[in-house]
Amino acid sequence: MPAIVLVGAQWGDEGKGKATDALGARVDYVVKFNGGNNAGHTVVVGDEKYALHLLPSGILTPGVTPVIGNGVVVDLSVLFEEIDALTARGVDCSKLLLSASAHVIAPYHRVLDQVTERFLGSRKIGTTGRGIGPTYADKINRIGIRVQDLFDESILRQKVEGALDQKNHLLLKVYNRRAVSVDETVENLLSFRDRIAPMVTDVSLELSRALDRDEIVLFEGGQATMLDIDHGTYPYVTSSNATAAGACTGAGIPPNRVDRIVAVVKAYTTRVGEGPFPTELLDADGEKLRQDGGEFGTTTGRPRRTGWYDAVISRYSARINGVTDFVLTKLDTLTGWERIPVCVAYDVDGVRHDEIPMSQSDFHHAKPIYEFFDGWTEDITGARSMEDLPKNAQAYVEALEAISGSRISAVGVGPDREQTVVRHDLLG
C-alpha cells in the first residue's frame, strides 16, 4: 500500500501533525500538498515540542524524505526560519525537496493580505495575514512567481514588474499605502536562490518513481475539509483544495495511486476565524474546552472557537474525501465532563437536516440536535488499547464511529507520540 492521504475532517487544528508523526517512522516520504504557513501543527517528541508551519511534520523523523509540493505557496523567509530553528535543535533538514512549480509568496502578497482585511472591517474573512490568498490569486490570474523563476533573473524581474504595475495602483489609490519597490522585491527573492538550489526538483517525477519502487508516500494536507476552497464553508475558507483530491493536483500524482485516505477529527470541534459553527459554545463550557484543550492557534496565537462534536460535518468529510479511516484526537480533553453532547443533525427553521444545508444562509441558521453520552473521570492519558479506556470513553468512541461515516482506527489520548490507542493498522 504505497500511498496514503491524510486530511483534516473539520476546520483545522485537529492534530494532523500527531497523526502524521505517528505514521512517519513507517513511511519513506511525507508530502505537504497545499496551503502555506497559514496553518501550524505541533508535534511532541519525548520532552521536545516542535511547532511547524510550512515544513512537513515528517521532517522530524530520521530517514523520511520531506517534500513540499507544487500546490503549496512558499514564504521563503519562513521556510529558512523553520529550517534554521530545527537545525539548531539537531534536526537534519538536508533531505527536504521543494517543487520547482510551487508558487512563492512575495513581500507584496503579505502587504495586500493585511490591508485588505483591514479594509473589509466587519466583512473580513479572518485570514492570518500571511499572503496566502493573494499568492493563490496571482497563480489563478497567471501572474504568479514560481520557485523555478528565481533561477532566471530576467524572467523574475519581468514577473515582479507585471504584478506590481497592478498592485501598486491598488495600494496607492484604494488603500492609501506606499508603493512596493520592484528592485527591493527582486533583491529579496534572489537572496534565497542559492539556499533553495539543492532542494528544488521535479516533485511529481520523484514521487512517481518512489511509488513505482513500492515506497510508502504519505500526503499531508494543510487546513481541513471545511476550509476547502470548493467544499468548505465558503467564503470563510482557505485558498486551496484541502480535501483528499488536492493531494493529486498539489503533488502531481494520479488518483489511482492513492490507496488509503485518513481523516483526522477532534473529539470535539474548534474553528479559527469567521464563518458558521453550529455547535459553538459561547459560555463557560466553551472556555473550559478552550483551556483544557489548549485551543490557541499555533500560527496566530489567537483563541480558537470551541464546540461539541459535529457528526454532520464528519459524515460530510467522509463522503467528500472518501475516508477509509478516522483518527480521533484529544479524547483526553473531555475527561471530567458529566455528560457529553454530540450533534447528530441540524434544525433549520423547524426542519431537520441530517446533511449540511446547501445554502450559506441555512448553514448560518442551523441549530444542533444533540444526543448525550455519559462522561468519565478517570485519567486516560496512559491508555494504549480500547480495553484500557473507561467503559464510558469506549462507548463514546464507538458511538462516534457509528454516526460518522467510517471506522475510527486510532484514538489520541495525549499530546505525546506514544499517547495513541491503535484500533486498526493505518498502513495494513
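Glycine residues also receive a Cβ, built from the backbone N, Cα and C atoms like all the rest.
Database features (Swiss-Prot):
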type	residues	note
BINDING	12-18, 40-42, R304, 330-332, 412-414	GTP binding site
BINDING	D13, G40	Mg(2+) binding site
BINDING	D13, E14, G15, K16, N38, A39, G40, H41, T128, R142, Q223, T238, R302	IMP binding site
ACT_SITE	D13	active site, proton acceptor
ACT_SITE	H41	active site, proton donor
BINDING	T298, T299, T300, G301, R302, P303, R304	substrate binding site
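Of the listed binding-site residues G12, G15, G40, the Cβ environment within 10 Å is emptiest of other Cβ atoms at G40.
According to DSSP, T42 (GTP binding site) is assigned to a strand segment. Neighbour density for G301 (substrate binding site): within 10 A of its CB lie 8 other CB atoms from the protein chains shown. In three-state terms derived from DSSP, T128 (IMP binding site) belongs to neither a helical nor a strand segment and is classed as coil. Among the binding-site residues N38, T128, Q223, G301, R302, L331, the ones whose Cα sits within 10 Å of the Cα of D13 (Mg(2+) binding site) are Q223.
Within 10 Å of its Cβ, the residue among the binding-site residues N38, T42, T128, Q223 with the fewest other Cβ atoms is T42. Every protein chain considered, the tally of other Cβ atoms within 10 Å of the Cβ of P303 (substrate binding site) stands at 15. A straight line from the CA of G15 (GTP binding site) to the CA of G40 (Mg(2+) binding site) spans 10 Å. In sequence order, L331, D332, I380, T381, G382, A383, L389, Q419, T420, V421 are the residues near V413 (GTP binding site), counting only same-chain partners six or more apart with C-beta under 8 A. Counting every protein chain shown, the number of other Cβ atoms lying within 10 Å of the Cβ of K18 (GTP binding site) is 26. Burial estimate for the recorded positions (H41, R302, R304): highest at H41, by number of other CB atoms within 10 Å.
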